[in-house]
Amino acid sequence: MWRRAASLSSLIFSSSQPLRDQGAYSLKAWKFFCADSSKGAGYFSKEKNLFITFVLGGPGSGKGTQCAKIVENFGYTHLSAGELLRREIASNSEDGAMLLDTIKEGKIVPSEVTVKLIQKEMESCGNCKFLIDGFPRNEENRIAFEQIIGAEPNNVLFFDCPEEEMIKRVLSRNEGRVDDNIDTIRKRLKVFAASHHPVIEHYSKKGKLYKIDAIGTEDEIFERVRPVFAACEGAQ
């Protein structure tokens, strides 16, 4: 079931459909995840000295590996939006069953639901420094996050990697995923580029974007990442 859910993950974030048009199932999903949220929007920004970093990059860009190094060296909590959704589905909870049914019906999980899962994880964590990996994937995601959490990211990492290099990495990682074939990977990269571009442009204009050259060894790439977080540590 886990791998099945993983193979469906590309459906979860790809919608640019307006929130108001996603129908009654969206309202049902929203109610599930809002039921125990008593603190409301802006709780984090008011009650905690949050430091949030969005981590963006195409499949095979190496962002997961670099997130592990950031966690090890700077003490951040790593949250993957896709992983949180897959975990909820695999838990066999009522909410997870609702999510799986939504995906089976070919519908998109609303941005609010994903953000609520992130919020729930943040609230249960004693840390205030977060890496949010693979989110937002589009402008709708970004707006929902900022409205519900009541905070913008402090900075945004974008792992810039040539398409052919990402394809080579994905094909060589041999994780057994059915969508790890060259045609599907090219489609995923095309969707990534189209949906992420407005998000990247938005944060670039705000001076929050750090573009990381993602070519080289893991350690070489991390040496490009390290100064970003070292500077943040010094500013806090």
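Backbone N, Cα and C atoms are what each Cβ position is placed from, and that goes for glycine too.
Quick look at what TrEMBL lists:
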- GLY60, SER61, GLY62, LYS63, GLY64, THR65, ARG173, GLY216: ATP binding site (BINDING)
- ARG86, LYS107, ILE108, VAL109, GLY134, PHE135, PRO136, ARG137, ARG177, ARG188: ribonucleoside 5'-phosphate binding site (BINDING)
- ASN141: CMP binding site (BINDING)
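In this structure, the CA atom of SER61 (ATP binding site) is 25 Å away from the CA atom of ILE108 (ribonucleoside 5'-phosphate binding site). Comparing THR65 (ATP binding site) with PRO136 (ribonucleoside 5'-phosphate binding site), their Cα atoms are 19 Å apart once rounded. The binding-site residues listed here (ARG86, GLY134, PRO136, ASN141) include GLY134 as those with a Cα within 10 A of the Cα of LYS63 (ATP binding site). Farthest C-alpha pair in the ATP-binding residues GLY60, SER61, GLY62, LYS63, GLY64, THR65, ARG173, GLY216: 16 Å apart.
Note on proximity: of the binding-site residues GLY62, ARG173, GLY216, the one nearest PRO136 (ribonucleoside 5'-phosphate binding site) is GLY62, by Cα distance. When the Cα of the residue listed as 'CMP binding site' is compared against those of the binding-site residues GLY60, ARG173, GLY216, the shortest separation belongs to GLY60. Note: the Cα of GLY62 (ATP binding site) and the Cα of GLY134 (ribonucleoside 5'-phosphate binding site) are spaced 12 Å from each other.
Comparing the Cα of GLY134 (ribonucleoside 5'-phosphate binding site) with the Cα of every entry in GLY64, ARG173, GLY216, these being the binding-site residues, the smallest distance points to GLY64. In this structure the alpha carbons, written CA, of ILE108 (ribonucleoside 5'-phosphate binding site) and GLY60 (ATP binding site) are 24 Å apart.
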